[in-house]
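S.K.: Mind having a look at this structure? Questions to follow.
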Amino acid sequence: MDSLTNRIIRAGKLDHELYREVKEDPEALGPALNVVLLSSLAAGIGSLQLGIIGFVTGTAAAFAGWLVWTLIIYLVGSKILPEARTRTSLPQLLRVAGFASAPGILRLLAGIPYLGGLVIFAASLWMLTAMIIATRQALDYESAWRAAGVCLLGWILQGMAIAPFLLMMSAKM
């Protein structure tokens with residue numbers, strides 16, 4: 001099994017050590033962004049029941065949502081609410097957050113009738129959990145609760161930032 005596939009599986013298993021590894025591995029940025037791309041494309045494919053516009057919108061919204069969420073986590077977690085030992089860079093957070101998007105690959109199945117909503121819900125909670133673990137590792141937080149708070153705040157704020165885009169796109173469908 002190649003390294004990227006192995007890391008995706010470990011990310012899906014919520015392997016704390018994986019996030020510590022990729023935080024310290026500058027070579028992991030490209031693979032992490034590939035995981036985000038796969039996850040975003042899966043969201044687009046899961047939206048194909050809405051046609052090509054659904055695919056494009058789903059893919060773009062998933063990628064933009066991940067990027068906005070990650071930037072908010074970086075700003076809030078490292079600049080506003082750091083712990084005394086918090087030392088991180090944006091590339092380090094991008095690496096761990098990229099792998100935290102691995103559960104989003106399940107959104108590929110979102111187009112299945114009657115199961116799509118459940119798939120999206122499960123993938124979203126799984127990605128949130130992965131992001132909490134990733135954030136705790138990247139920001140060197142002692143407290144999982146602090147990581148959870150930062151991630152939840154970021155999730156809510158990115159939802160508010162992306163919602164107008166999604167509403168505008170859905171009005172054009």
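Cβ coordinates are placed from backbone N, Cα and C, and glycine is handled just like the others.
Below are the features I grabbed from TrEMBL:
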- 19-160: domain 'Yip1' (DOMAIN)
- 28-46: transmembrane segment (TRANSMEM)
- 52-76: transmembrane segment (TRANSMEM)
- 112-135: transmembrane segment (TRANSMEM)
- 147-167: transmembrane segment (TRANSMEM)
S.K.: Under an 8 Å Cβ to Cβ limit, what residues of the same chain, 6 or more beyond the ends of the transmembrane segment (112-135), are close to it?
M.R.: 11-12, 14, 16, 19, 39, 46, 49, 69, 73, 77, 93, 96-97, 99-104, 106, 141, 144, 147-148, 150-152, 155
S.K.: Run through the domain 'Yip1' (19-160) and tell me, per DSSP, how many residues are helix, strand and coil.
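M.R.: Helix/strand/coil tally for the domain 'Yip1' (19-160): 121 helix, 0 strand, 21 coil.
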